[in-house]
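Taken from TrEMBL, the feature domain 'AFP-like' covers 294-353.
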Amino acid sequence: MSREFELCPGRRVGGEQPCFIIAEIGQNHQGDLDIAKRMIRMAKDCGADCAKFQKSELEYKFNKKALERPYTSKHSWGKTYGEHKRHLEFSHDQYRELKKYAEEIGIFFTASGMDEMAVEFLHELDVPFFKVGSGDTNNFPYLEKTAKKGRPMVISSGMQSMNTMHQVYQIVKPINPNFCFLQCTSAYPLQPEDVNLRVISAYQSAFPDIPIGYSGHETGIAISVAAVAMGAKVVERHVTLDKTWKGSDHQASLEPNELAELVKAIRTVEKAMGSPVKQLLPCEMACNEKLGKSVVAKVTIPEGAVLTLDMLTVKVGEPKGFPPEAIFDLVGQKVKKCIEEDETITEQAVENHVKKVKC
């Protein structure tokens, strides 16, 4: 079982803690502060634990030519990629306003720091944890500097190999033990055959002392729910108010009704995981009383007879007698009285019967 740590004040992840659900708003706010607030409120109302954005200091994330690159996509908010990104990027003051709003309505707030300077700002903003997007997971200087800030870290693994993830673990663990990995495939939307949920199990085996989670870009909720059943302790999904809006992430995002259903389904699965101990439960007693079977006499068995298997059968009997699993134990035992054909075999009818205790 993975160790626990406090990801946000008063909220632990790992071990037997409930799954931490991140609503990834990203830049699906269209560059509009009011829409961003509506999305934070939506995440709260749907039951998510955290509303998350993406913060970039564009001159530190992109070089000049990348910012000047023409951007003619139908999703573009400008003629160049730089114009597009500037339209979607909130200022420091706007981030402070969003964080304050999230605190007022009672939901955790953070962002992926998309470059080292963005991490510096988020540290100043006092976010509860840092999210490392897949694009920076193999950025080892960035990882080291971020780990040294001392805040918990959630690290996605899209576009990475297992070898790289071992290197990430070796870099972060000695500096900051409070981190987790998320299985992730960086495609939008993500096709089921590219999800590879079994990587969750591989991570659990390779890194047993950290929580493992899942960041999904698929459509629908079934795969994310399956990830929780496999032990994901953090689930992150992109969210939107309208999948038809302009922007490349909207199609792979969950609308409010889907997010609410995901949260509900995850909490249901967590309840259903239950205990590893298999036993007759109190809720099964009524069914057992009505339909549970007993050993009954297949033929008339005279007093003093030694039981053989061909004397016995199994039926729903009244009254209850020996359970079916005791039938072989009865063979070779002597009966104290005559038992009529089709009559239940009871303890009172068997000589010197010692009831076996189930472990």
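Using the three backbone atoms N, Cα and C, a Cβ is placed for every residue, glycine included.
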Compute the average pLDDT of the predicted model within the domain 'AFP-like' (294-353).
96
DSSP on the domain 'AFP-like' (294-353): how many residues come out helix, how many strand, how many coil?
13 helix, 15 strand, 32 coil
